[in-house]
């Protein structure tokens with residue numbers, strides 16, 4: 001009887017088509033092959049389609065993410081203090097304003113060390129990089145400057161394409177496929193500054209478990225994965241939000257409504273953004289203490305999650321209150337201006 005080598009392209013594809021999860025070795029082999037440009041475009045299309053049809057596992061994600069993170073541009077002088085990243089997988093189609101970007105600056109204004117890892121929009125929605133650039137923040141900055149900003153100001157922004165040069169070859173094919181793939185899930189997992197805590201939003205409830213397992217597999221101390229009411233990849237004011245809380249290798253599930261934390265329940269329509277100009281105006285007003293109440297409340301809700309994962313607050317209600325107090329000042333905007341000016345020099 002002939003025993004097939006399990007680490008070959010045909011065997012891996014057959015396994016995926018049979019709805020079997022890949023082993024750690026197969027996952028790493030596949031990612032390394034992509035990074036080394038050893039997979040033909042037609043094979044890549046088949047693998048990406050098969051992974052999506054099967055449904056990705058948390059172990060597959062963590063194995064691939066570790067390889068991708070190791071291949072990123074990693075500064076030699078990584079900060080010694082613990083960092084937090086806040087982002088979503090995107091793909092919710094809700095066209096909200098840039099909630100997680102606002103959360104990053106409010107959290108940093110409250111003393112959390114934030115390494116925000118982001119990109120331009122791939123779907124017509126305004127991405128974090130788009131809105132920050134429009135407000136004057138330079139994107140193409142040296143890795144040393146990015147880390148220096150973090151040490152000096154407690155917040156920095158990593159423009160993803162500058163830190164993952166090995167993925168350049170895959171970009172045209174991913175775009176031509178026209179559907180979301182495993183790379184949309186890997187992006188939020190591979191911050192090159194290796195934060196020990198993270199708040200991560202998912203647009204589909206069936207991603208809650210694999211993404212929380214992936215974060216655990218990558219060794220994070222604390223994390224929150226959230227699927228917002230109404231399908232947001234952020235905690236929402238629209239109703240019951242589904243959570244996975246990771247703490248000391250234990251993952252627990254919880255459902256939290258806005259009213260549980262003293263917040264207004266209102267539809268996601270109230271959180272709509274629009275074009276780049278509109279989203280930039282919303283973000284600037286919000287950080288300046290001038291945003292509307294619903295914008296403040298949804299940012300406060302998500303900031304409370306950051307305060308929890310960072311160990312700053314153990315109680316979400318207290319975190320919401322601290323965030324709302326901050327959002328009634330211009331502290332977050334002043335911090336943005338400091339980061340913008342520092343990165344521009």
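Using the three backbone atoms N, Cα and C, a Cβ is placed for every residue, glycine included.
Pulled from Swiss-Prot:
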BINDING   88, 119  anthranilate 1 binding site
BINDING   88, 91-92, 96, 98-101, 116-124, 128  5-phospho-alpha-D-ribose 1-diphosphate binding site
BINDING   100, 234  Mg(2+) 1 binding site
BINDING   174  anthranilate 2 binding site
BINDING   233, 234  Mg(2+) 2 binding site
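Within the group of binding-site residues (117, 120), the Cβ with the highest number of other Cβ atoms inside 10 Å belongs to 117.
Each of the binding-site residues 233, 234 was assessed for Cβ neighbours inside 10 Å, and the highest tally belongs to 234.
Rounded to a whole value, the Cα-Cα separation of residue 120 (5-phospho-alpha-D-ribose 1-diphosphate binding site) and residue 234 (Mg(2+) 1 binding site) is 18 Å. Summarising the environment of residue 119 (anthranilate 1 binding site), the number of other Cβ atoms within 10 Å of its Cβ, over all protein chains shown, is 19. Counting other CB atoms no more than 10 Å from each candidate's CB, the binding-site residues 96, 100 peak at 96. The Cα of residue 234 (Mg(2+) 1 binding site) lies closest to that of 88, out of the binding-site residues 88, 96, 117, 119, 174. Here the Cβ of residue 174 (anthranilate 2 binding site) has 18 other Cβ atoms within 10 Å, regardless of which shown protein chain they belong to.
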